[in-house]
Each structure stands twice: as structure tokens, then as C-alpha cells.
Amino acid sequence: MDSSNAIFKSFLGKAPEWYKICIIAFLVINPLIYFFISPFVAGWALVAEFIFTLSMALKCYPLQPGGLLAIEAVFIGMTSAHHVKEEIMANFEVILLLMFMVAGIYFMKQLLLYVFTKLLIVIHSKKILSLAFCLSATFLSAFLDALTVIAVIISVGTGFYGVYHKVASGNSFEDSTDISNDEKIITNKEILEQFRAFLRSPLMHAAVGSALGGVMTMVGEPQNLIIAGQAEWGFVEFLLRVLPVSLPVLICGVITCLLLEHFKIFGYGARLPRRVWGVLARYNLLKEQRMTQQDRVKMGIQALAGIWLVVGLALHLADVGIIGLTIIIICTAFCGITDEHAIGRSFQEPMPFTALIVVFFTVVAVIVDLKLFEPIISYVLSADPHSQLALFYVFNGLLSMISDNVFVGTVYINEAKTALESAIISREQFDLIAVAINTGTNLPSVATPNGQAAFLFLLTSPFAPLIRLSYGKMLYMALPYTIVLSIIGFLSLEFLLPPLTELMSNWGWIITR
């Protein structure tokens with residue numbers, strides 16, 4: 001084997017050869033487009049290529065191919081290293097969240113698995129169980145960040161999967177085995193596939209639930225805080241102003257959840273195999289029998305840490321990542337986990353995604369520097385006031401499907417604020433536009449993992465390949481929700497928001513500044 005073949009073989013590891021050739025082609029083509037055709041076209045090509053690497057996440061983790069494309073983009077001048085740093089610092093809360101909050105949830109796994117196992121054993125109806133996951137995620141994400149909620153759900157799902165996988169492999173509950181290795185599973189493969197299909201349903205219901213709750217409050221999503229700051233709204237005012245859109249969407253989202261499970265369409269409706277239920281019930285009984293006073297104390301400490309987590313985030317007592325760090329310290333200190341390697345294991349899952357998010361911010365920097373969204377923004381602001389709400393909602397939604405919704409929301413609200421200060425739009429129109437931006441970035445963005453950081457985190461987590469949740473599968477399962485949420489959001493914005501906002505203003509519930 002000559003050196004060139006050896007380099008090609010080691011390049012991107014076990015990824016398919018056609019995929020390696022695609023990435024090499026992108027790296028060759030991008031500078032040519034940038035220098036000889038148009039920087040604008042090159043920028044959109046980079047965005048499309050990055051989305052492609054995300055869609056192939058099960059073939060190759062997107063960090064390496066996406067990272068190479070991002071490095072080249074900086075090297076040829078599509079953006080600068082300084083601007084990348086500025087984007088990272090502007091989104092540093094997200095970095096801290098991924099580093100510490102996800103690791104903090106790891107140390108609450110014992111309590112979470114105990115509670116959700118009880119839930120799974122007690123609730124026999126798949127519809128009620130799906131609804132419970134959807135509404136739990138909705139409620140939690142109204143006060144917590146959606147990434148935190150998804151981290152909890154992933155932790156629980158991995159726990160369930162691991163319990164059955166060990167038994168199906170012929171091991172006991174206590175054995176330490178590689179749950180990604182199916183070689184020892186011979187007779188139970190069909191049941192394992194059914195279990196995977198079952199796990200995908202509540203996971204996707206919860207993921208969409210996090211978006212339903214995230215749109216409602218100013219702490220639900222990072223861009224909500226930015227929008228609330230520009231509009232000078234408090235917690236209650238934000239909730240009230242968004243309610244004419246968020247409440248109908250929530251009701252229709254819940255109905256969609258029930259209909260999907262009832263008609264067993266779009267990959268939903270798979271039931272928990274009886275044998276798996278038996279394994280989980282035995283596991284729960286065994287844990288109950290073997291639970292010592294020390295175990296109960298540990299779960300009590302984790303419960304108190306969970307209460308602090310909800311209160312701290314709901315009242316915004318500190319940044320999300322800092323609260324996550326306090327969870328790590330409290331849980332490890334009082335549960336007796338002081339070994340450096342034991343603590344280090346909690347960081348194994350979030351760190352690759354944290355690195356991927358930094359690469360994503362590089363692509364965002366390219367979007368800003370090459371003004372890829374500027375033609376759309378100019379078109380929306382030049383429209384007549386009656387059409388502006390619909391246009392802001394639609395274009396926010398479309399751009400949020402392919403780009404970070406925090407970035408899209410920030411760009412649009414800043415442009416709207418500039419238009420207000422320039423007297424291009426009135427204050428009343430600005431308030432309505434702010435709601436359109438908030439709902440536009442949060443609702444249609446469930447269509448793809450690109451728009452919602454929580455969805456991207458789920459797709460690139462180690463749990464996704466275990467249950468065969470690919471990019472395409474996520475698109476397919478999210479499709480009915482995308483259609484319902486987007487249409488109901490649009491209709492509510494057009495026909496309910498202006499009259500109900502005026503009504504609340506007349507009642508004195510909200511004020512026009």
C-alpha cells in the first residue's frame with residue numbers, strides 16, 4: 001500500500017469511500033467558487049455542505065468533515081478567526097450549558113431512571129405514555145433550556161435500552177457490557193428492533209414538546225431572552241404577548257401526538273414488547289429489594305439537586321452552565337463520587353457535540369460576513385405592515401430550518417429594532433413583529449435537526465445510533481408536527497394575534513411603550 005492509499009484509508013476512518021470523495025470534492029470546489037464565481041454562492045454552498053455532513057451523522061460524526069470545511073472557510077477568507085471567536089463568546093452560555101449541564105444530568109441518572117421506570121411500568125397505554133413525555137417536556141422546557149430537557153430524556157432512554165440489552169445479550173443487570181454491540185443477541189433481535197421503534201416515539205414526542213414549551217416563555221430558548229431584551233418585556237408580559245399563538249399551537253400539538261399514536265403513522269405507534277416490559281419490571285423489583293438506606297439518601301440528594309435546578313433556571317439565578325456545574329458539585333460531593341476518572345466519564349457525551357457547536361458557529365460567522373440572509377431581510381422590511389408579520393414568520397421559519405434559530409432570531413430582532421428606531425415601523429407593529437420572530441424561529445424549526453440545537457444534540461448523541469434514529473428518520477417523524485405547528489402558528493399570527501393583543505392592551509394586561 002503506497003502512502004496516498006494509506007492516507008485515503010485513514011481519512012475519516014470507516015466512513016464510506018463515496019462520502020470521503022464527496023468531502024474532498026467540497027474542499028476542492030469551495031475555494032474555486034469563492035475566488036472565481038461568487039463569495040455569496042460559495043457561502044450558500046458551504047451551508048448546504050454542512051447540512052449534508054449533519055444528515056450523514058450515522059456514517060461519520062459531523063465534527064471532522066464539517067470542521068475541515070470550516071477551517072478551509074476561515075483560511076480562504078470567507079470569515080475571520082476573530083469573528084469566529086466573537087460568535088463563540090456571543091453564544092458562550094450555550095457552550096457552558098453543553099459542558100456542565102449535560103454532565104450534571106449524568107449524576108442524576110439514578111433518580112431519573114428510577115422515576116421513569118416506574119412511569120413506564122405503571123402506564124400501559126402508549127397514547128397516555130406519549131402524552132406524558134410530550135407534556136413533561138413542554139412544561140420543563142418552558143422553564144429550563146430545551147437542551148437540558150433532551151439531555152434528561154436521552155439519559156432515561158439510554159438507561160432503559162441498556163437494561164434490556166444486557167439481558168438480551170445473556171448478561172445480568174450488574175454486568176458492564178457494550179450496549180452498542182449486538183453480536184451476542186441472536187434470539188431476541190426482532191424484539192430489540194421493536195423496542196428501538198418504541199423508544200423513538202416518546203423521544204420524538206418529547207423533542208417536539210421541548211419546542212412547544214420553549215416558545216412560550218422568555219427563558220424557554222436562548223433567542224427568547226434576546227427578543228425579550230430588545231422589546232423590554234418581563235416574564236409575564238412575554239408569556240401573555242405570545243399566548244395568542246403559543247396556546248393554539250400547544251393544543252394542536254397535543255392532539256397531533258394522540259392522533260399519531262392512534263393511527264400508527266410516520267413511525268409512531270410501536271408498543272413496548274411484553275418481554276421488555278417484563279425485564280424492566282424485574283429490574284425495578286430487584287432495585288427496590290436491593291435498595292439500601294444509603295441509596296435512598298443518594299436519590300434524595302439528587303431530587304434536591306433537581307429542585308434547585310428547576311428553581312435556579314426558572315428564576316434565572318445564574319447562567320445555565322453555572323447551575324449545571326453546581327449540580328455536578330452537589331451530586332458528586334454528597335453521593336461520594338470523588339474519583340477523577342468517574343467524574344470524567346460524565347463529560348464524554350457532551351464534549352464532541354460542544355466541539356461541533358463551535359464549528360457550527362464558524363458557519364454562522366460565514367453567514368454574517370457574506371451577508372447571506374441580507375436580501376431576504378431587506379425584502380421583508382420593505383413590505384407593507386399587514387404583510388410583514390406573515391413574511392417575518394415564514395422567512396424566520398425557513399431560515400431557522402437550515403441555520404441556528406438563535407442566530408436567525410437575533411439578526412431579525414436587531415433589524416426590526418433598527419427599523420423602529422428609524423421610525424420605519426411603529427411601536428405596536430414592532431411588538432407584533434417580535435412575536436412573529438419568536439414563533440417563527442421556534443415552531444417551523446422542528447422540521448430539521450439543524451434549526452433546534454436540542455434536536456441536533458439528540459441526532460449526534462451516542463443514543464441515536466442505538467435506536468436507529470437517523471437524520472432522515474428524524475425528518476420523517478417530525479414532518480406531521482412541522483406541518484401542524486407551522487400552519488396553526490401562521491393562522492394564529494394572522495387572525496388571533498392582532499385582535500387579542502389589542503384586547504389585552506385595553507384590559508391593561510400589557511402596555512405599549
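Using the three backbone atoms N, Cα and C, a Cβ is placed for every residue, glycine included.
Here Swiss-Prot flags 21-41, 88-108, 119-139, 243-263, 299-318, 322-344, 350-370, 389-409, 477-497 as transmembrane segment.
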Count the Cβ pairs between the transmembrane segment (299-318) and the transmembrane segment (119-139) that lie under 8 angstroms and are 6 or more residues apart in sequence, then report whether there are at least 3.
no
Restricting to the same chain and to residues at least six past its boundaries, which positions have a Cβ under 8 Å from a Cβ of the transmembrane segment (477-497)?
200, 204, 207-208, 211-212, 244-245, 248-249, 252-253, 256, 260, 265-268, 389-390, 393-394, 397, 432, 435-436, 439-440, 443-444, 446-448, 455
Beyond the flanks of the transmembrane segment (243-263) by at least 6 residues, Cβ under 8 Å:
126-127, 130-131, 134-135, 138, 201, 205, 208-209, 212, 215-216, 269, 435, 439, 443, 480-481, 484-485, 488-489, 491-493, 496-497, 500-501
At a C-beta cut-off of under 8 Å, are there same-chain residues at least 6 beyond the transmembrane segment (119-139) that contact it? List them, or none.
149, 153, 160, 201-203, 205-210, 212-213, 250, 253-254, 257-258, 260-262, 268-272, 277, 280-281, 284
Determine which recorded stretch among 21-41, 88-108, 322-344 has the most C-beta pairs below 8 angstroms with the transmembrane segment (350-370).
88-108
Residue numbers, six or more beyond the limits of the transmembrane segment (322-344), whose CB comes under 8 Å of its CB atoms:
96-97, 99-105, 107-108, 148, 298, 301-302, 304-305, 308-309, 312-313
